[in-house]
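A.B. asks: Please find one structure pasted underneath; my questions will follow.
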Amino acid sequence: MNPVIKKFQFGQSTVTLETGRIARQASGAVLVTVDDDVSVLVTVVGAKQADAGKGFFPLSVHYQEKTYAAGKIPGGFFKREGRPSEKETLTSRLIDRPIRPLFPEGFMNEVQVVCTVVSTSKKIDPDIAAMIGTSAALAISGIPFDGPVGAARVAFHESTGYLLNPTYEQLQASSLDMVVAGTSEAVLMVESEAKELTEDQMLGAVLFAHDEFQVVINAIKELAAEAAKPVWDWQPKPEATALLGAIRAEFGDAISQAYTITVKADRYARLGELKDQVVAKLAVEEGSPSASEVKAAFGEIEYRTVRENIVNGKPRIDGRDTRTVRPLNIEVGVLPKTHGSALFTRGETQALVVATLGTARDAQLLDTLEGEKKDPFMLHYNFPPFSVGECGRMGGAGRREIGHGRLARRSVQAMLPGADVFPYTIRVVSEITESNGSSSMASVCGASLALMDAGVPMKAPVAGIAMGLVKEGEKFAILTDILGDEDHLGDMDFKVAGTSKGVTALQMDIKIKGITEEIMEIALGQALEARLNILGQMNQIIGQSRNELSANAPTMIAMKIDTDKIRDVIGKGGATIRAICEETKASIDIEDDGSIKIFGESKEAAEAARQRVLGITAEAEIGKIYVGKVERIVDFGAFVNILPGKDGLVHISMLSDARVEKVTDILKEGQEVEVLVLDVDNRGRIKLSIKDVAAAKASGV
């Protein structure tokens, strides 16, 4: 086919969509170029046959940043790209979330999306281009897909309002970094971090983005009109109406009764028994439904039962109404040797969160397409299988753990002190020890508590809450503090974190069409009510950061020296600074402007290192008495060391009031003596006196 190209203006940028020139054997391939600057090649391939063995939709999204895109060669021994970076993993999730709900129910053919950044600058993030390219590639692929999807990034300034698709530089001055994706009718996904914006400002940003990315959707429709392949002739399996009716007739009441059991383990055990009974009764002979078909129908009855109960105003699975937060149990300082710790329990969800303080050298080094940079704040989320009472894989963090950790990080980051106020590296680890819904928001609450327990001067405490939605026709119910089952069976996952003043993070994933502005507004208002409730209970345990750092945390001393003294502190080949660190067990970081940060495992170690630095950088003061050591004796006097690297001369005439024939009659090399600084000439030579010390002391020097 001949190449098809569509251009459109999108905010500050010109976007070009091109297909038919590259990767023509893929089901769909689009090259997205932004301002002749950023180029992302997106390919989509769909398997023609479904994998009968899989009980889920096998969609995979791979976003990859090639170093050649920025004119760089990879570091390391092998000199080629390795495993996905955290940024690549997070962007893959960002692309996956809005497209997944748009594939038809029951579609089980494998679909693989690969987004490759092939050219980039240091001006904008390529993620929006990758999202647009994914939507366009799916639209022309022929794969059943209810798109297209548009996407946009939004910034916010108090003076100028909302800004579409900001540059990195513009984001630095922004109070908001939000990515929104959706169809022409509805918003499907929101990912954001903010600096205490109001709920109205956050909702305004979502609606602003939705309006602005309509131009993207229109351009993709125009591209598809010229370049799309025929849509696959795929039909969903007919609904097993008879099987569903049989299960509901005989087991419907028992299933409904099981969902009144409030303890998760007991409820799961009862539902497991019922499922076994259903399979034993209905999947018994040839010609009857298979066990997998019966289990799928049983799951559908579960789905309908829970949703009907909720929209009809019945109590939720654990007996709560729609607005109640589960009971909280909050503890801080639970681990004796850590720098800060908290145990946050909300119902059957529990997070053990630990904060650790380190030196500037402990900051994470990030090698990105934009260049190397250091990150002084890390938040890591771990979800071991025992947290849900299961055996499972143990190992490195998966995509879900990386995503949840980043959401928790975004939630608390805006409330951390600046490096000029608190120059420590901070690492927070959230260990999920129990889980039944909203473990990422438990991590937010626990992180805030652990940081305050460690003495990190937080600007304000932060709490988070997960909201849910069940919508049947015109009836809907918004749920506060959702359980795991409510997340799975509901239509929306809506997580909001913030302080008492405003929102710091908002994440939203919607599985259905037709989420209105009214629903989002109600959800934000209900989330604020819950957040303030949780913050109130957190503040009863610890309402502000401790006045002092933990005794287990390293001590930091900041000082400044003249820039011409830096080389003296470092020494030849780093010998001086290395010796100080080895002898005092402290670490020293020196900046080009003379700023010095000294970190010691104890106050004594840090102070000892500070005194050594002061000794090296100090200047001899005229009229001050020093205790020095005789380094060398000559015929006309003695050289005495009064400061590290600084010797002065005591002339023979300055040794005593009496006449001195030989210097060695008064002094010996290695002897400690008190000397008075008489003068320092313009060449830095120091003139000392021993005989004038007594008079100087008498005068109060």
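Cβ from N, Cα, C; glycine included.
The model shown is predicted, which means the values in this text are computed figures rather than measured ones.
As listed in Swiss-Prot for this protein:
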BINDING   D487, D493  Mg(2+) binding site
DOMAIN    554-613  domain 'KH'
DOMAIN    623-691  domain 'S1 motif'
A.B. asks: Are there any residues in the same chain, six or more apart in sequence, whose C-beta is under 8 angstroms from the C-beta of D487 (Mg(2+) binding site), and if so which?
C.D. replies: G437, S438, A466, G468, D493
A.B. asks: With DSSP as the reference, give the number of residues of the domain 'S1 motif' (623-691) in helix, strand and coil.
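C.D. replies: Going by DSSP assignments, the domain 'S1 motif' (623-691) contains 6 helix, 36 strand, 27 coil.
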A.B. asks: Please classify the secondary structure at D493 (Mg(2+) binding site) using three-state DSSP.
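C.D. replies: Its secondary structure by DSSP: strand.
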A.B. asks: Using DSSP, tally how many residues of the domain 'KH' (554-613) sit in helix, strand and coil.
C.D. replies: 32 helix, 17 strand, 11 coil
